[in-house]
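Enquirer: Quick one: the structure is below, and I'll ask about it shortly.
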Amino acid sequence: MRLSTPNLQLNEQGKLRHFLTIEGLKQHHLTEILDVAESFINPVTGDISKVPSLHGKTIMNLFFEPSTRTLTTFEIAEKRLSADVVNLNIETSSTKKGETLLDTLWNLEAMLADVFVVRHSESGAAHFIAKHVAPHVHVVNAGDGQHAHPTQAMLDMFTIRKHKGDIFDLKVAIIGDVQHSRVVRSQIQALSILEAREIRVIGPKTLMPSHPEALGVHVYDHIEEGLDGVDVIINVRLQNERMKSALLPSEKEFFNLYGLTKERLSYAKPDAIVMHPGPVNRGVEIDSEVADGHQSVILEQVTYGIAVRMAVMSIIIDNAKQLNADKQITKKVTEEARS
């Protein structure tokens, strides 16, 4: 699903007000997130700092889809920023009793929320919410349907940059269910904006986008050919819950043809890194020997997700403070000019 509304997530100064999608953002928006995330990590110990940036702010995590890593890392990030954190229990919420999403939203807004972190099964849900929140409220998309997962893409970019330096000139291969993955869509957009040299997608035709040329990617049917000489390998899981029909003979057959094994990894550069946004299905998209091997940075992705999500939330709050301060200065100058 294409939701080309980049201006919705920018304020009148062209800075992030919401973080809904990678699409439509400029390179400086992405590098700012990466740089701020870096500032939260101790360069000696690798520990992630606790800072008072969001002290007094209330963040509500509205997860209408199951999540372990994303919800937990968001909650840790929010607490590291010293925010007050509320997790909405969907199973006991009023949406289960017939209340509309908007009514739920407005009631939560009345409880003085500053940021909504939203995960929803419907593509466009985060955009819908962002269109209806009060001017002082911010929305961060934690994954909506098949559309986007921007914070996951940014933590992946951060992980790549930590290991490879500049993303420019890298060859990146993405293996798996490209057609149904919101993560892949956001990854491709981020890699394109950050000027990766080449983006390859590998998998069966039934799991490839119908118009890959529009995404600026190279499609490979054979994994060995697709992995030849790449710097970064990203595995993604099969999105069985989003497939409307059987697109594969079996998971075993998928692994036989596209599973990342030690032998297949040897086609990439010797220092290539192996990534996976999770959850990892061992023996389906990746072999345990590779997932646990020295080239795997899968667990680092989880850790870096805390710093990146801290960066996103601190940036949107800081941008709002700066905008309000500038408006006050403009108002004061205007009043003085009139007097």
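Including glycine, each Cβ sits where the backbone N, Cα and C put it.
Taken from Swiss-Prot, the feature carbamoyl phosphate binding site applies to Arg69, Thr70, Arg119, His149, Gln152, Gly278, Pro279. Under the heading L-aspartate binding site, Swiss-Prot lists Lys97, Arg182, Arg237.
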Enquirer: I'd like the number of other C-beta atoms within 10 A of the C-beta of Arg119 (carbamoyl phosphate binding site), please.
Expert: 23
Enquirer: Between Thr70 (carbamoyl phosphate binding site) and Arg182 (L-aspartate binding site), find the distance joining the two CA atoms and give it rounded to the nearest Å.
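Expert: Pair distance, Cα basis, whole Å: 14 Å.
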Enquirer: Rounded to a whole angstrom, what is the C-alpha distance between Arg119 (carbamoyl phosphate binding site) and Arg237 (L-aspartate binding site)?
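Expert: Cα-Cα, rounded: 18 Å.
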Enquirer: Which ones in the same chain are close to Arg182 (L-aspartate binding site), with CB under 8 Å and 6+ residues apart in sequence?
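Expert: The answer is Ser123, Gly143, Asp144, Gly145, Gln146, His147, Ala148, His149.
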Enquirer: Sorted by position, what residues of the same chain at least six away from Pro279 (carbamoyl phosphate binding site) have a C-beta under 8 A from it?
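Expert: Long-range Cβ contacts: Thr68, Arg69, Arg237.
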Enquirer: Got a sec? Which of these binding-site residues, Arg69, His149, Arg237, has the most Cβ atoms within 10 Å?
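Expert: Of Arg69, His149, Arg237, the one with the most crowded Cβ is His149.
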Enquirer: With a radius of 8 angstroms around the mean position of the C-beta atoms of Arg69, Thr70, Arg119, His149, Gln152, Gly278, Pro279, what other residues of the same chain does the carbamoyl phosphate site pick up?
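Expert: Not counting the recorded site residues, we get Ser67, Thr68, Ala142, Gly143, Val183, Pro277.
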